[in-house]
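First the structure, in the form of structure tokens, and then the observations on it.
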Amino acid sequence: MPTPTTPTPRRSTARTLLRLWPYVRPVRARLFTAAGVAVVASCTGLVIPLVLKWMVDGPVAAGDPGGVWLGGVMLLLLGVVEAGLFGLRRWLVARPLAGVEAAMRASLYSRLQRLPVAFHDRWPSGQLLSRATTDLQLLRMFLAFPLTFLLVNGVTILVGCAILLSQQWMLGLVLLAPVAPLVVLCSLFESRYSVVARRARDQVGDLTTVVEEGVLGIRVVKGFGRHRSQARAFRELSRRLRGTELRKARLLAGLLTVIVTLPELALGAALLLGSVQVAEGTLSAGTLVAFLSTALALRWPVESIGFLLAMSQDSATATERHFEVVDAPLPEETPGATGAHGDRRENGGPVKGGGPAEARGPAEHGTAARPPGSPPAPASSAHRPASGAAPPSAPASGTIPPAPAPMPSTPSPLSVAPAPATTGGLRFEGVEFRYPDTPPDAPATLRGVDLHIRPGETMALVGTTGSGKTTLTALVPRLYEVTRGRITLDGTDITHLSRPRLRELIAVAFEDPTLFSATVGENVLMGAEGTGERELHRALEIAQAGFVHELPYGVGTQVGEQGLSLSGGQRQRLALARAVVGRPRFLVLDDPLSALDVHTEALVERALRRVLATTTALVVAHRPSTVLLADRVALLSEGRIAAVGTHQELLGRNPEYRTLMSGAPSAPERHPAQEPGAPPAPDAHPAPGPVPDAAAVSLTAPDACPAPDPAQDSSLAEGGSAR
Ligand SMILES: Nc1ncnc2c1ncn2[C@@H]1O[C@H](COP(=O)(O)OP(=O)(O)OP(=O)(O)O)[C@@H](O)[C@H]1O
């Protein structure tokens, strides 16, 4: 795929511009009519010299004032008609071309939304912004002006040349003599100008990136007093862009000089020759006047060719850049991926111990069909009692009521009965992941990750910074595609689910809580389309986001761009509310409480516990307090799951985990049995004792114990829960 630094190989200008046809097609009738009107208007202008010839050779020569007046009126009428037709052309194209620009922008934007995160990782945002704004403006201008006038002026020049030749073929040939050198010159200009035009557009994109970074990062720039270095970077890029624009101007000036000079020389020669012929009596004065008037009427169409070619080149470059994004391959959908219908739970999810929440019929769950060979559904996957579950009649109190009784139905994946504990839940099987820009000789970020989060279970994911936790969580909603292995949700490979379906099943709260320029309510409800006020308030309560009620307009308050008018902790709570508002079946939280104070964190944890009791969740955790939300903990180390167990188990037997949780700066020890990739095993040397914060950790001990999973490592099946 091309990137801003590796543009697509250049096609001819005409072929590149022809790619605009699908956008122009809907307005072709108006566009062709407008072009026809402009041709008529331009040719009307060419009739004026013929009327002049008639006047000079007729009424003027005969001293007939009535004829002269008649000629004058005819000239006036012709001028009015020409002006009126050009006005009509403008009116015809203005509205449809604004529509073409809007359609192109919409298609670009929709493509940007659908392109994989890996694409956005590689493309600077300024390059995309400039493609969506200035490039498209340029294309609209091209369709409105140069495209029409290339045609109009071409036809005018041809008709004009025919008139010249028919009036006096010898003078006509003199006037046409510069055509051959001009054609060669124009083609040379095109090849040189196209390179510089592309460079200029890309530099505009780079400049936009710097402006965007400077504006978005204004706090850092000011905080570190970096405005001078930012300004320097900006000036340097501006200087380069200026240089490129000057090069463009020089090329265009060179072309224009020749385009103006050669026809002027030819016109001078024709005038001289014509005057001699008039003097010799071989040419009438009227014919010479008409000839010169026609030649002068062709001056603008000829001289404008330089500008029109330059604008066409700029537009071809903009078209190329537009299609580099629009042609970028979308992530592949597995043929037959299951449906896009909603599976939002109205009555809660797979309630732990509260009944087979996943055992719901298609009437309740949409129409997704179970692929052949899907495992049969067992009676229940719940393995601990639901804590804090409210009865179905009172679901808005921050608790999630148990699911209704199973309905007899045709099974469908992820929407009916729970899969067996061995295959149900969220499972990573031999998952390997390598970022596209990772050098081939560098190790993959994730290397053979095997992890099973049982239905209804909460698994904490811990690991040193940069160990790949965020990367692993990003694979679940398919923000990136696994390089090898697979991820299953209740036994169904996520690549067999359509993306809308997958997004319905999984909610994610990222480490960096991005908010949009919208109201608080809109930001939260983004997590579940069509969800009402009640759910919104439930989600805000879970996330302990009561602060929104103190905002000037409550949930209707606009948050600034990227939510920067809110504190980090407030943004994080809104992001958490967004994740839980749709009562997702699977929840992926990337360190969701990192920006909260201890008091708020405890409150959020308490509410979150009730949500986690009804979902299958993977929670990236850096702190023991977050780890305690989980039933079990997985330690990610050097791209592999190095150990899985309860918090207490890992504290007892895994030195690396102990070090991580205690915050000790020393490098983690590693027992041979815990080499990366080795199956989790009990520590040969039991832990020497509680880590410094273990006592604090046990103070917030949980209210539920997960049942052991025989499918998991037997060493992990024993021991109590950290909760
Ligand atoms: N978009 C990307 N392109 C290339 N490499 C990346 C990208 N994002 C992350 N990485 C690399 O992948 C590795 C894992 O990053 P990741 O963000 O998953 O770590 P993490 O465990 O979540 O770290 P932290 O605890 O600091 O959030 C790092 O070495 C990082 O440099």
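Cβ from N, Cα, C; glycine included.
Caution: TrEMBL annotation is automatic and unverified by curators.
It should be emphasised that the depicted structure is a prediction, and the values quoted were computed from it without experimental measurement.
As annotated by TrEMBL, compositional bias 'Low complexity' applies to 357-371 (among others).
What TrEMBL lists as compositional bias 'Low complexity' is 379-400 (among others).
What TrEMBL records for 401-411 (among others) is compositional bias 'Pro residues'.
Feature annotation from TrEMBL assigns compositional bias 'Pro residues' to 677-691 (among others).
According to TrEMBL, the compositional bias 'Low complexity' annotation covers 692-706 (among others).
For 32-314, the entry in TrEMBL reads domain 'ABC transmembrane type-1'.
Sequence annotations record features per position, and here TrEMBL assigns domain 'ABC transporter' to 426-663. Mean pLDDT across the domain 'ABC transporter' (426-663) comes to 85 in this model.
Residues annotated as region 'Disordered' in TrEMBL: 326-423 (among others).
Taken from TrEMBL, the feature region 'Disordered' applies to 661-723 (among others).
Positions annotated as transmembrane segment by TrEMBL: 31-56 (among others). Counting residues 6+ beyond its ends, the transmembrane segment (31-56) has Cβ neighbours under 8 Å at 24, 67-68, 71, 74-75, 78-79, 81-82, 85-86, 88-89, 92-93, 96-97, 143, 148-149, 151-153, 155-156, 159-160, 163, 167, 285-287, 289-294, 297, 301 in the same chain.
Counting residues 6+ beyond its ends, the transmembrane segment (68-88) has Cβ neighbours under 8 Å at 34, 37-38, 40-42, 44-45, 47-48, 51-52, 54-55, 58-60 in the same chain. Residues or ranges marked as transmembrane segment by TrEMBL: 68-88 (among others).
Taken from TrEMBL, the feature transmembrane segment applies to 141-165 (among others).
The transmembrane segment annotation in TrEMBL covers 171-189 (among others). Beyond the transmembrane segment (171-189), the same-chain residues lying 6 or more positions past its ends with a Cβ under 8 Å from any Cβ of the stretch are 161, 164-165, 251-252, 254-255, 258-259, 262-263, 265-267, 269-270, 273-274, 277, 291, 295, 305-306, 309.
Sequence-distant contacts of the transmembrane segment (249-271) (same chain, six or more residues past either end, CB-CB distance under 8 Å): 171, 174-178, 181-182, 185-186, 189, 192-193, 196, 291-292, 295-296, 299, 302-303, 305-307, 309-310. Positions annotated as transmembrane segment by TrEMBL: 249-271 (among others).
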